[in-house]
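Quick look at what TrEMBL lists:
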- 50-125: domain 'Ig-like' (DOMAIN)
- 139-227: domain 'Ig-like' (DOMAIN)
- 232-292: domain 'Ig-like' (DOMAIN)
- 322-415: domain 'Ig-like' (DOMAIN)
- 424-523: domain 'Fibronectin type-III' (DOMAIN)
- 524-617: domain 'Fibronectin type-III' (DOMAIN)
- 621-709: domain 'Ig-like' (DOMAIN)
- 718-813: domain 'Fibronectin type-III' (DOMAIN)
- 831-920: domain 'Ig-like' (DOMAIN)
Amino acid sequence: MNTEPDVDVWEILQKASPSEYEKIAFQYGITDLRGMLKRLKKMKKEEKKSDVFLKKLDPAYQVEKGHKIKLAVEVANPSAEVKWLKNGQEIQLTGRYIFENVGNKRFLTINHCSLADDAAYSCVIGDEKCFTELFVKEPPVLITRNLEDQMVMKGERVEFECEVSEEGAHVKWEKDGVELTREEALKYRFKKDGKKHVLIINDVTKEDCGHYRRSITNMKLCQVELNGYFLPWLTEKQLEVYQSIADLTVKAKEEAVFKCEVSDEKVKGIWYKNGMELTIEDVKPEDEGDYTFVPEGYAFNLSAKLSFLEVKIDYVPRQDPPKIHLDCIGNTAESTIVVVAGNKLRLDVPITGDPAPTVVWTKSEKVISNAEGRVHVESTNGHCIFTIEGAERQDEGVYTVIVRNPAGEDNADITVKVVDVPDAPQTPRILSVGEDSCIVQWDPPLFDGGMPVLGYVLERKKTRSYRWMRLNFDPYKELTYEAKRMIEGVAYEMRVYAVNAIGMSRHSPASQPFVPVAPTSAPIGLCIDDISDTSITLKWRTPERLGAAELEGYGVEYCKEGTDEWVPAFQGLTDRTSVLIRDLPTGEKMQFRVRAYNMAGASPPATLGQPVTIREIMQRPKIWLPRNLRQTLIKKVGESVNLVIPFQGKPRPKVTWIKEGEPLDPKHVNIRNSDTDTILFIRKAERKDSSKYEVQVQIENVEDKANINIQIVDLPSPPQNLKIMDVWGFNVALEWKPPKDDGNCDITGYTIQKADKKTMEWFTMYEQFRRTTCVVSDLVMGNEYVFRIYAGNMVGLSQEACFSKDSAFIPKTGMVYKPPVYKAHNFSEAPKFTHALVSRSVIAGYNATLSCSVRGIPKPKITWYKNKMDISNEAKYRMFSKQGVLTLEIRKPCPFDGGVYTCKAVNEYGEDSVECKLEV
């Protein structure tokens, strides 16, 4: 057994110089020295501080093979969820890997470390990680039982046997420094049984004499050699034994003589007692033992035993049959031992019996030995101990302990039950959703861990978030849960944990994303729009509250009075807010209702106040003339005329259109009638379409009429007889007559234009001039002018103008212009504030401004004061002046900046000031 204290190889490498690395690697069995040095270099780099981890993993850990290690981190958020990765792959919870959460600390425990656990490990929270390296140190292979010398005859079979401390160690056999191989299968055979290694030589010859050696190399190629020398004695002579040595029993002081007779009288040899050469004189009790004669030159020996006879009375103890005492440890023969998965199970069973009995442990009639790795069996004085390191689920079962001695046998059954946290529940299902809630259901875990499931813990999160929020802290026993206090219109996911007496399972897979939404409110204003012998038309308005989900449509149902069997009026949903239901039974009383649907389901129904009898109702004819048609409808020539006149009446009335007492021309005017309206359509209106139209609806001898005036307008003709009535100075007087055709509407005005006869470029002098006479002024002396006039109405200007027949000449005169003389005005003025400062309150930390306005000529000098102290040169304040508006900006005021602020304006003609109070 290795009794050396545990050493930290990482600490030794960090303190050692590079020249000592090879020596340390050989001394402590390091095989991947280069990889460790690379990791050591990374360890020396200073790590960046993290907001997530208060304490990260150490750079590296070391553990011996078969031992347990615990990795620990400390996180900033006690509710943070961590993931453990091994070589980049997430570690799943098993018997060997145990996750623990204790406050801010997170632990990963690895039981029974093997070489496969030598890897890089990382702990992940969100996007941040911390890393470490775990090195599994394999203990050196030791020789626990050495080779023994062998002495054989020629042609016999010899076996060399040794035992090592580790199964799987690589053993090489050598003779005189040359390795023995399996190719010499007829001569040498190699046998391995667990930790035992055997070399078998068949048919020994003289050439097999020599030095045999074995070398042992463990799986990491760390070689340890131990030499054993074996000198087989071979001879080709044959010595016949006529009388062998006989065993003797003598008393004290008697002579003991061993005799033998062989075929060679001259043979010599050596006598041994218990393997040592001797000469016997007086026989004493200590002379008792085995005596051997080895003939010289022959490969055999003669042995006998010398016994010393002494008269004494021997005490023969009474033999007791073995007995197992389970009642001493609080168990019965049918007891059950419960152990938590991952923990150590130790059964210490008291036993009695004389002589000490042998102990055998079995499970399912299979004998349990120490070679099974995690299982250890040992016996001490009065106890047999059975140990399982890191119990797993497959360790459950009935174990039988059997004790035997020459006096008898006893056995007992011990039932071992391994309990664990349950498996994760099945994926939860969302049964329904509400405005801020949902109902979730799940199936129990496939395995409850050997203990009843006490309840479930639920968590939810927003789909785009990484933070899970726990919904209950005490285990919830049902399989259906209503989650509340969610935000309508936001997508969520749910997951479930199962809890038993051992602990909490891993979480279930997340549910499909869902959005909490509420059904809309009921449609409003449900009423009957029309009814006949077999059909009904319903209409309604959109619900007042639609919620976050999109409205999918409406569903309409009906049932006969006195029944609860509601029948859909049509398949699917409709987007319209009115519907015609056909094929209803005539004369039946029916009830109708409408529901609005969204992704949350149906709204409460909107129902008619009382049942409706399906039959046609006589209704007087009535024309509902639109408001815009109650006055004259004006259209331009070439535009379309489309009149829609709604009416009512049952049965369907007869519709007639008349223009000035005459029927309409169907080639020019199109008429289309329906059950509820009539349409008059003229594709291109003409002046002749202007008239008074009459529409008439009639049911038998009952009728209703309405008149519609249509006016078709066009451009006017040009004005007539434009004359120049007078010319004086720079002015010309014009006169004309209205146009012959006004375009079927009033003339809105005239446009008068002039042109110099030299250039003939026309310039507009007046637009929308209402009278038929005007005076054109500001004409240029020495120029000759002509004039033209356009008539205008609501359609536009006439296409042609009326030109003046004569021209007007403006003669030159000897006039001299004398500009007027003006006295210079004095605009000087003393400062005066036209808008005073206003007292106000502001919030600390946000910029504030004070404003006022001042006038004065010349421009006055502005000075700002706080509590009568000049603040013009302080950096905290900025002053602005733009066109008489004065602004003081106070940058991020604090309570100290409160007080009385004054603005003073001064020039050579006087001064003025205003003040206000500022509270912060």
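Including glycine, each Cβ sits where the backbone N, Cα and C put it.
What TrEMBL says about a protein is an automatic prediction, not a curated fact.
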Residues in the domain 'Fibronectin type-III' (718-813) grouped by DSSP into helix, strand and remaining coil: 0 helix, 53 strand, 43 coil
Secondary structure tally of the domain 'Ig-like' (322-415) (DSSP, helix then strand then coil): 10 helix, 55 strand, 29 coil
Model confidence over the domain 'Ig-like' (232-292) (mean pLDDT, whole number): 61
For the domain 'Ig-like' (831-920), the number of residues DSSP places in helix, strand and coil: 3 helix, 56 strand, 31 coil
